[in-house]
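What Swiss-Prot says about this one:
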TRANSMEM  209-229  transmembrane segment
TRANSMEM  247-267  transmembrane segment
TRANSMEM  284-304  transmembrane segment
TRANSMEM  308-328  transmembrane segment
TRANSMEM  342-362  transmembrane segment
TRANSMEM  374-394  transmembrane segment
TRANSMEM  402-422  transmembrane segment
Amino acid sequence: MSTVKTFSSTETEGFKKRLLSRRHSSYQVRDEEDDVLEEFIVLKLDLFLTRLNHRMKRLEELGLPNRKDAAAATYQFLANLQASFLGTTILGKTQVSFILRRIEETYNDVLSACDTFPAKAQKALTFLEHHLRDLEDYAEKSKNNVETLMTDIKDVVEHAAKLGAQRLITLEELPVQWHNNPYIIRGYRFYTSKRKCFRSILSWHNETFNIWTHLSAFIVFFAVLAYFYPSSSSWVSSNVSNRIVRIFFLLSAMKCLGCSVIWHTFSSLSNYKHMRCAACMDYVGISALIAASIISVEYHAFVCQGPLRFIFIAFTGTLGLIGIYTPWKKWFNEYKYRSVKIFFFVGLACSGLIPMITMFYIKGTRRTVKYLDPVFKSIFSYIIGVLFYGLHIPERFLPGKFDIIGNSHQIWHIAIIVGVAFHYTGVKRFETDYEAFSCGVL
């Protein structure tokens, strides 16, 4: 940490000589000693600002500018002061007066007790040095606290990994960064190895049901895509664009289900960075499914309204890309933002209301409701699932009783499978009904 240099009497006399040598030969003074004192203090301020650059860089290295508290406000004041005099070689009375005004404007009455310029300048120097020292002490302590905290977290993770190598652990034993549901008390895995996570697919724990519901559905939809759809009569009767839309939806559904399996398989990794990547993949899969579901409706429903269809698909596609990008932001996987995540995906799904309302307006309520019947069933399934998931029902009422079977996340998984199945039946129906609906062909 930087310290302030103290001046001996010999150095003080040297300053006086330097200051007197700076005076113009025609400069007239009433009291030479007062002027020497005044310029001596100015020179000390000049020296303070010269050293400020190095000390501010040190504070920046300690991460002080990233804080959002009073210390950061003081740092910003000093940074602005430093920027105001960047490149200035020697201060004069005008520049010092500017510093005094800035201090008085920001800190009100701190200089009010001083009635002379030298007194104010000396007080300002003391004030600035005091605050800078406080910042340096604060930054060093914060750095030490962070290092201590990181050591503590590392110890907790290592302890949990040792327990996880022997048995399933409890929520209390699980490091807080891995918490996702405060009402699921037991049955947690915690491994240092990806291989152990993968092998745990075949073991019994609180993620087994979540893994196998979506893994089974993934296999079913893969079979549909790879065999049943290409060998069906609808493949033969469909044009290329209809095939592309159906394949696009099936791939998006499989992506959602597959990413979910990856997340629930590797959510037990003790490497936080890798665990978070698995979580992000889950969110990316959800975004892809929502966007693909809406686009599959827009493509068929507005086939005879080309410009409108293009606008809707472009809008939904853009939101889908945002949904694929946003989960990779650092804050997105934190539990305290869980409600934000839910509202984000609900909002993404609600973007489909715009084309739906347009369909009601253009084609009428009865025709639209009949045409979108499978979609409404799909939406209803998703809504039920979101309610259970968002409210932690039923485990919030009986914590620990639904750790392995019957908790809200498992209900949400079933709701997703049902919703995807309903929507897929809708996509198949759209291929035969879209002309009658969109183009008015009877």
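Note that Cβ sites are derived from N, Cα and C of the backbone, with glycine treated the same way.
Within the chain carrying the transmembrane segment (308-328), a Cβ under 8 angstroms from the stretch's Cβ atoms is held by residues 279-280, 283-284, 286-288, 290-292, 294-295, 298-299, 302, 344-345, 348, 351-352, 354-355, 358, all 6 or more beyond its ends. Per-stretch counts of Cβ pairs under 8 Å to the transmembrane segment (284-304) identify 247-267 as the leading one among 209-229, 247-267, 402-422. A Cβ distance under 8 Å defines the sequence-distant neighbours of the transmembrane segment (402-422), meaning residues of its chain 6+ beyond its ends; these are 181, 183-187, 204-206, 208-210, 213-214, 217, 221, 253, 256-257, 260, 289, 374-375, 377-379, 381-382, 384-386, 388-389, 391-395.
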